[in-house]
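The structure appears right after this line, and notes come after that.
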Amino acid sequence: MGRPGYLTLPIFAVLAAIGYVYYTTVFVAVAGWLGLSTAAGVANAAAFTALAAACLATYYAAVSRDPGRVPPAFLPDVEGAETPVHEVKRKGGDLRYCQKCGHYKPPRAHHCRVCKRCVLKMDHHCIWINNCVGHENYKIFLVFVLYAVIASFYSMILIVGSVIHSAPKDEQLSSDSSRTLIIICGIILCPLTLALSVLLGWHIHLILQNKTTIEYHEGVRAMWLAEKGGDLYHHPYDLGVYENLISVLGRSIFCWLCPVSVNTGNGLRFRASYDILPSTPPCDLQKIALHSH
């Protein structure tokens, strides 16, 4: 496993896949079906080129962008009214402290064993970008996956159209090398499109609840423990669908698909549902739900 910020085999595999799918889609499928000298061919080639460029740009940003570092001097403001929720260890109830980094953990921060440091609002460590997905690059990662899904479906449509167009003219089909390129591209695209679509759907589901992947798994256990004790568990950072969306994508809906980070806050403190519903006191369920990583 490579150190964060370094090129690794999975990164080269992603870049190779993007390059191969782009070449086959534009210079084999589009060229063989519509032709690159026709208006339809040029329009589709240009549109797919723009999508491929967007994928590369957002992928580079996801790889190179720091997911968010915990300031060495960070101290939790236990008495502060702006932070009604304090995450504590499941055992003992102490404030979360990272022994490896030597500092307290802000809410939603976790220690990554691969990056060997704590990451703000950590979602997961992704080997395909050799980086953590956290507070500072989560939106960039999400937009990359969205562009990749759109590009994958677009490529499949163009390739299927090319195959259908060439089927009646099988005896005049170009070279065997073109067939091979199309077949290999299809073999790559089918599982890739499925995997990316599932990943995109999963993260949309998380965003609507204002959860990270880690918080989802912790919430499953917290819900079980709460029900076992006769209580109800409520995710403390769930602000409602719209507020959850803008907390990740930004307040301007016109910038939601832009590959820039417009996070709310600095990643050290987060609005909680108790801010919206002041009559609901911060309960001990948060202490059950979260633990040190």
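Backbone N, Cα and C define each Cβ position, glycine as well.
Remember, TrEMBL labels are computer predictions, not curated facts.
If you check TrEMBL, you get these features:
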- 94-217: domain 'Palmitoyltransferase DHHC' (DOMAIN)
- 12-36: transmembrane segment (TRANSMEM)
- 42-62: transmembrane segment (TRANSMEM)
- 140-161: transmembrane segment (TRANSMEM)
- 181-202: transmembrane segment (TRANSMEM)
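Sequence-distant neighbours of the transmembrane segment (42-62) (same chain, 6+ residues past either end, Cβ-Cβ under 8 Å): 14-15, 18, 22, 25-26, 30, 34, 36, 129, 131, 133, 137, 140-141, 143-144, 147-148, 150-151, 154-155, 158, 259. Across the domain 'Palmitoyltransferase DHHC' (94-217), DSSP assigns 74 helix, 17 strand, 33 coil.
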